[in-house]
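For reference, the structure is listed below as structure tokens.
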Amino acid sequence: MKLPALLTLGVAASTKVLAAIVSDQTPLNDAKKDELPEKFLIEVAPGDTRWVTEDEKWELKREGLKFFDITTEAEKGFLPKAFPTPAVVNFPSELNRRAEVKQLAMKLSKENMFNHLTNFTAFHTRYYKSMIGIQSATWLLEQVQKTINDSLAVNYGAKVETFNHSWGQFSIIASIPGRTNKTVVVGSHQDSINMYLPTILAAPGADDDGSGTVTILEALRVLLKSDAVAQGNATNTIEFHWYSAEEGGLLGSLAVFSRYQQENRDIKSMLQQDMTGYSQGTLDAGELESVGVITDYVHSGLTEFIKKIVTAYCDIPFVLTKCGYACSDHASARRFGYPSAFVMESKFEHSSQLIHTVWDTVEYLDFDHMLEHAKMTLGLVYELAFAEL
């Protein structure tokens, strides 16, 4: 971030307003000044771990290094020492629900996504250790609950629950029962962070990952317009996840999938939607608008099936790209042996450079592009909901 921007922010904010913001944004479990900084165990590559302070975490992220924060799961003894071999899942060789998906996709709304994202980014930050982060999660919980309440699914066992964490901001899980306990998961992360001064500066997080958050919320709304899904007649159970604390090292999703492993949950697939709204980088590079299908640290079978989904249900093509180790919450599912995949807004190198700053705002996003991600999400979930996995 450039120094003039910081100075402008400081001059523009009144002392009273800034004091109120800092108060709500201060970490809920802030260490006393005379105590040594708390250290966290991070994993930056398979088998490559190190102890770092919170400030060192942010420095590593500013340098572009991605990691798991495995402190809690390692202490509890729940973390596998190596990546487990994913369970064998036979994803469909062809798409079988084209007519239903295309009919439903016509009901997806850019306006809904815009309105939700405008409200979501109005929070000064969604920093996972702050009171404002709890407030933003509470607002999101209300939107998810309203989405379910407005559908038939509320009468057939669909529900939304919080998954609580020690740092304050909770994760959110919406469940739509199917005829079996085999489960199809779609996720995004709800937290945001300003990587320069997390406890002071604004972190609107429009693209990272407000865009994914509202994309899957809109896909959920339209999915529940299917009577078969809403009434619990799909073959498989469906879950939509909004994780807390992705920015801190995939903390929320690690906790969720750690518990799922302990409970022997039968998770057949997990798709992550993180950063779905920025297309200008691709266009500026002279390339065609597309979605970026991640090819590293993902399940190859699920990824191949997603390519078919994009080709069938989206109006733009896919490109193949890589994002590195522990680059988003799909990695947590993979870390515990569940088949996972990740689709983002573009090739990784063309993705938004405004993330983690005060400039990650709605005005830079393309809601037509987000609509393509919503189509892909809807198509994937609907096809897998009725598949024999």
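Including glycine, each Cβ sits where the backbone N, Cα and C put it.
Small disclaimer: the values here were computed from a predicted structure and weren't measured.
Counting only same-chain residues six or more apart in sequence, the Cβ atoms lying under 8 angstroms from the Cβ of HIS189 (Zn(2+) 1 binding site) belong to ASP209, GLY212, THR213, TRP242, TYR243, SER244, ALA245, GLU246, GLU247, GLY252, SER253, ASP274, SER328, ASP329. Per Swiss-Prot, the feature Zn(2+) 1 binding site maps to HIS189, ASP208, ASP274.
In the three-state DSSP classification, GLU247 (Zn(2+) 2 binding site) falls within coil. Annotation comment: Swiss-Prot describes ASP208, GLU247, HIS356 as Zn(2+) 2 binding site, evidence class similarity to another entry.
A C-beta separation below 8 Å, combined with a sequence spacing of at least six in one chain, links CYS323 (disulfide bond) to LYS66, ILE294, ASP296, PHE342, MET344, PHE348. Annotation source Swiss-Prot lists disulfide bond at CYS323-CYS327, citing similarity to another entry.
Within the same chain, the residues at least 6 positions away from ASN119 (N-linked glycosylation site) whose Cβ sits under 8 Å from its Cβ are TRP139, listed in sequence order. In the three-state DSSP classification, ASN119 (N-linked glycosylation site) falls within a helix. The N-linked glycosylation site annotation in Swiss-Prot covers ASN119 (among others) and is backed by sequence analysis.
Positions annotated as N-linked glycosylation site by Swiss-Prot, on the basis of sequence analysis: ASN149 (among others). Within the same chain, no residue at least 6 positions away from ASN149 (N-linked glycosylation site) has a Cβ under 8 Å from its Cβ.
The Cβ of ASN164 (N-linked glycosylation site) lies under 8 Å from the Cβ of PHE170, each of which sits 6+ residues away along the same chain. According to DSSP, ASN164 (N-linked glycosylation site) is assigned to coil rather than to any helix or strand. Here Swiss-Prot flags ASN164 (among others) as N-linked glycosylation site.
Marked as N-linked glycosylation site by Swiss-Prot: ASN181 (among others). Under the DSSP three-state reduction, ASN181 (N-linked glycosylation site) is assigned to coil, being neither helix nor strand.
Annotation comment: Swiss-Prot describes ASN233 (among others) as N-linked glycosylation site. When secondary structure is read from DSSP and collapsed to three states, ASN233 (N-linked glycosylation site) falls in the coil class.
Feature annotation from Swiss-Prot assigns signal peptide to 1-19.
If you compare Cα positions, CYS327 (disulfide bond) sits closest to ASP208 out of the recorded positions ASN181, ASP208, HIS356. Note on ASN233 (N-linked glycosylation site): other Cβ atoms within 10 Å of its Cβ, all shown chains, come to 15. Annotated pair ASN181 (N-linked glycosylation site) and HIS356 (Zn(2+) 2 binding site), C-alpha to C-alpha distance, rounded: 37 Å. Within 8 Å of the centroid defined by the CB atoms of HIS189, ASP208, ASP274, the record's Zn(2+) 1 site, lie the Cβ atoms of SER188, GLY205, ASP209, GLY212, THR213, GLU246, GLU247, MET275, SER328, ASP329, excluding the listed residues themselves.
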